[in-house]
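Visitor: Starting off with a structure, shown below.
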Amino acid sequence: MSLIVLDTVVGGYGGAPILNGVSMAIDKSDIGVVVGPNGAGKSTTLKAIFGLLKVTGGSILFKGKEIANSLPDRLVPMGLSFVPQEKNVFTSMSVNENLEMGAFTRRDDFSDTLAWVYDMFPPLKDKRRQPAGELSGGQRQMVAMGRALMSKPDLLMLDEPSAGLSPRYVIEIFETIVSVNKAGVGILMVEQNARQALGFASKGFVLASGQNRFTGTGAELLADPDVAKSFLGG
Amino acid sequence: MDELIFFINRVLISGTVLGSIYALGAIGVTLVFGILRFAHFAHGDMMTMGAFTAFVLASAFAAMGFSAPVPIAFIVLPLAMAITALLALGIDKGFYAPLRDRGAKPVTLLIASIGVTLMIQGLIRLIFGSSTRQMYVAGEAKDIFRIDMSWAGGTRPISITEPQVLMFAVTFLAVLALHFFLTRSRLGKAMRAMADNAALAQVSGINTQLVVVVTWVIAGSLACLAGTMLALDVALMPDLAFNIVLPIFAAAIVGGLGHAYGAIVGGFLIAFAETLAVFNWTAVLRPLNTILPEGWALPPNLALVPTEYKLTVAFIILVVTLLVRPTGIFKGAST
Amino acid sequence: MNAVAAPRKEPNPVRRAVLLFAAMFVLVVGLGYVQGTASIGLLLVQAFAYALIALGLNIQWGYGGLFNFAIMGFLMVGGASVVFVSFPVNMSFWNSDGPLLLGRALIAFLIGVALVFAARRADRIGIRGRWKTALTVLAWFVAYIIYRSQIDPAAAYIEANAGFVGGLGLHPVLGWVFGGLLAALIAWWMGRICLGLRTDYLAIATIGISEILRALIKNMDWLTRGTAAVAPLPWPTPIPQDFQANGVPIAESFIYARFGFLALLIAVLAVVFVLVQRAYGGPWGRMMRAIRDNHIAAASMGKNVTGRQIELFVLGSVLMGVGGAILVTFNQIFDPSGYQPINHTFLVWVMVIVGGAGNNWGVLIGALLIYIVWVISDPIAQLLFQGLSGWTSAIGWGAIPEIDSRALQMRVFVLGAVIALALRFAPRGLIPERTGEARR
C-alpha cells in the first residue's frame, strides 16, 4: 500500500476549481517530483493535500486514512510535513527556535531529532542562536527543511525548494533531499528545475491545467520526447 | 536637596507608576495585534472591567469578614485575573471570532472592538452607576511610606504609597513572567511564531486556536492587573481606563505593534514624556536664582507644556511616531 | 461546476428603501404623537444635522474607504467657527490691548512657521541626514518657545480683561460656511500627512488628532471661553422668543421656531444630497470607487490616488464641519466639554454602518434611525429600571438608586450592541451599496 494516494482530486479556493482531477501515489521510498507549466496546479496540489485549500472531489488517502480537508494540526502528527516556497522561516526567531516550532506537535523528547537535523545541515549548527531572518537564502531553505523534518514525518512535501537559490546551493539542497529520502522519508516536491529534479526522481508527474498529463519514473519522463518538447523546453 | 526629593516624588515615582500601567496595557494591545492583526480598541475597557471584577470580589471577601495587611483587592487579584481572562475569551467568542471566521478585514474587527468598548462602558455604568469609588473596601487605609531624607539634608521625605510599591512589584514580576513564558515555554514560542508568520505557524502544525486562547488569557489577565493597580492608586471609576487607551496605543505603536518588549519600553517612554513635559522645572532650578543676575530670575512656572495638555503629549508622540516611523522605534516590525 | 452562479436573490433595493422610509415616517409621526410636536422638532433637527455629518463620513468611508475617527474634532471645529463668526462682537476685547497682543502672537507664530520651513529646506545649504533632523527638531522647539512667549501673556491678558475674544457678529450661515472652510483646511493638512498610513494606523492617528483638537479648543479659553461655554448663539431663522414677541403662545412658538430651522436645514441637506448623489454616479464617483476597491490598479492606470483621496477627505470633513456648526447654532450653546468620541465620532460611524456604507439613501435612513434609537433608549431604559426597581423593592432588596444617570448609559450599551450585531448579521447595512452594475 502506498504511503499517500491521490485519486482524481478536485479543488480550489472557492471559485472555479484549479485542480480538475489529479492522481498520484507515493511510497515511503519514493522521491516524487511534480513538474509542469505555470498555473498547472503544481503547488495547489501540495496545498490541497495539506488542507490549505478546499478539496471538493476525489480522495486523498494517507496511510490508508482519508485526509482531504484536514488541517495541518491534525496532519503533522500523522506524519505529513510541508515546506512552503516563500516566507518559510520565522524571521524573528533563532534557528534553534525555528526547529523547535517544527516539533510543536511532538510531546516526547526530540533532542535526537534536533541532533539529526543539525547533522543533516551542518552550517546551521554554528548559527543556532542567530535569528533566521539574518541567514542567507540557502541557509534559510535549510532552516525551513529542518523545521519540517523536526516532526519526524513519513512524507515531506517541498514547494520549489530550489527557487531563488544559486546553482551551488541548488545542488546542495537536492543532495540533502536525496539523503533525507535515504533516511526513510518519502518526498513529494514541486520543481521548476525540472530536468535536474527528474534526474533523481523515482516518480515524476507532469501536470497541465490541473490534470495529470504524463506519469512515470523520472528517467522515463526525461526520455519521453513529448514531455521534453512540451514541458522541458525542448 | 529638597529639589532633588521633589524631582524624585514628582517625576521618578509618578512616571514609573504611569509607565507601569501603560506598559501592562500596551503588552496586551501589542500581543492581540501580533496574533490577531487588529487594533483592539476595547483594551482600556477590559482594564476597567478587570478593576470592577476585583472590586466586587474584594467587597464580597470584606463582607465575609476577611482582612489582610495589604488591600483585599490586591489579594483577590489572581481570581479577578482569571475571571477577566474568561470574560475576554467570551468576548472573543461572541464578537470577534465570528468575524474572523468570515474572513473580515482587520478594520471590521477594529470597529467591532469599538462596539465592545461601548457595551462594556454602558454595562459598567448600568450596573455600578457613574460614581467614583475607593478600591479600599471596608475601611482599609491607604498606607503612605515616607522615607526620611534628613540624613542627606532634606527637609521633606520621599513619599510613596502602598499601591505604588505593590504596582512596581507586580509589574516587575509580570514582565519577568512574560519574558520567561515567551522565550522558554512551548506555547510562548508558538505565540511568537504566530505573530511572526501566522501561515507558517499553521503549516508547522501549531494549534492556532489554542494560541488565540492563550493570547486572550494573557491580555485579559494583564488588563485586570493594570486596571486594578491603577484603581488602587487613584480610584475606581467607569471611565478609569478609557481615558488612557490612546496613550496605551501610543506606547504600543512607539514600541512597534506586535513587539512585547517594545510595548514595555514604549509605556515608560510615553509616561516619562508626559510627566517631564508638564513638570515645573523652576521647582528644581530655583537655587539658580541666587546666582542669576537681577531681572533674570526664573519665572514661577517653567513647564514645557501646561498641565491641562498632559495627555496631549501622548497623542502628539503617537501621531509623530505614526508619521515618521509607523513600525515603531525598534527595527523590523514583521508586518 | 457552478462557475456560473445563480443570481443572488436580493430584495429590490428601491422597494426596500421606500418601505424603510415609510416605516421611518410612521415612527416619527408616532413619536410626535407620544412626545409632542415641539420635541419631535428638536429631534428631527438634530437627526438631520447628523444625517449631513453621516453623509460626510459616507463620502470618506463609503466612497473612498478612508478611515476617519476624527469626526468629533471636526464637529468641534465647526462649533468653534460658528461661535467666532456669529457671536456678538465683544467690544471690551476690541477696545483693550488684546488685538495688539494677539497680533504679536500671530507674528511670533509666523516666525515659528518660517523657522521650521527653513530648517526643512536645510539640505539646500548642505545640511543633510541626521543633522537636518536635529535642526528640524530644534526649529520646532524654538518656534514653540517663541510662540508660547507671546501667546501666553496675550491669553492671560484677554482672559483677565475681556473674558474672551468674542465673535464677529455676522450671520450664522456665514459661520456654517466658515466652519466648513476651517474643517477643509484641517482635513487637507491631515490628509497630506496621514492618508498614506495603513487603515488601522490611520484610525488611531485620526483619533489622536481629534483628541489634540479637543484639548486645544477646550483649553484656549481666550478664543472659545473653554469649559465656561458660550451662549446664547443667534439663529439664522426666528427663535421662539421672536414668535412670542408677536403674541404667539409659548408652546406653539417652539414648534414654529424649530420647524422653521428644520426647513432651512432640510434645504441645505437636500442640496448637499443631490450633489453628493450625482457625484457618486458620475465619472468622479466611479474613479473614487475604483481607487477604493483596488488602489494599486487605479494608480497603475495613472490616477493620482493620494490626491483624489485628499479630495474625498476634505469634502467629507467639510460636511462634518458644517454639520457641527449647525448643531451648535441650533443648541445655541457651545460647550467644549460636552464633546465625547462616543457621542460624536462613534454615533456617526454606527449611522453609516447600519445604513449601508456607500449608499446615500441608506446613510440617510441610518442616521435618522440611529439618532432616534440613541435618543429614545434613555426613556425606555428609565421605564425598564423603574419596573425593575418596583420589583426589587417588592421582594425586599430596596429600590435601585440613581436610575436617571444609569438609564442615560443604556444608550451607550445599545449603540455598542448595534455595532456588534450589524457587523455580524448585516455587514452591508440596511440599504447596501449597489455593486451589481459591473456584472450586468
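Just so you know, glycine gets a Cβ as well, placed from its N, Cα and C.
Feature table excerpt (TrEMBL):
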TRANSMEM  B:12-36  transmembrane segment
TRANSMEM  B:48-66  transmembrane segment
TRANSMEM  B:72-95  transmembrane segment
TRANSMEM  B:107-128  transmembrane segment
TRANSMEM  B:165-182  transmembrane segment
TRANSMEM  B:210-234  transmembrane segment
TRANSMEM  B:240-257  transmembrane segment
TRANSMEM  B:264-283  transmembrane segment
TRANSMEM  B:303-324  transmembrane segment
Visitor: With CB pairs under 8 Å as the measure, which of the listed stretches B:12-36, B:72-95, B:165-182, B:264-283 comes out on top against the transmembrane segment (B:210-234)?
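Guide: If we count Cβ pairs closer than 8 Å to the transmembrane segment (B:210-234), B:72-95 scores highest.
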Visitor: Which range out of B:12-36, B:48-66, B:72-95, B:240-257 gives the transmembrane segment (B:107-128) the most CB pairs under 8 Å?
Guide: B:48-66
Visitor: Compare B:48-66, B:72-95, B:165-182, B:240-257 by their Cβ pairs under 8 Å to the transmembrane segment (B:12-36) and return the stretch that comes out on top.
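Guide: Against the transmembrane segment (B:12-36), the leading stretch is B:240-257.
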Visitor: Looking at the stretches B:48-66, B:165-182, B:240-257, B:264-283, which one shares the most CB pairs under 8 Å with the transmembrane segment (B:72-95)?
Guide: B:48-66
Visitor: Give me the stretch from B:165-182, B:240-257, B:264-283 with the greatest number of Cβ pairs under 8 Å to the transmembrane segment (B:48-66).
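Guide: Most Cβ pairs under 8 Å with the transmembrane segment (B:48-66) come from B:240-257.
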Visitor: With pairs restricted to those 6 or more apart in sequence, evaluate whether the transmembrane segment (B:240-257) and the transmembrane segment (B:264-283) have 3+ C-beta pairs under 8 Å.
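Guide: They do touch: at least three Cβ pairs between the two stretches lie under 8 Å.
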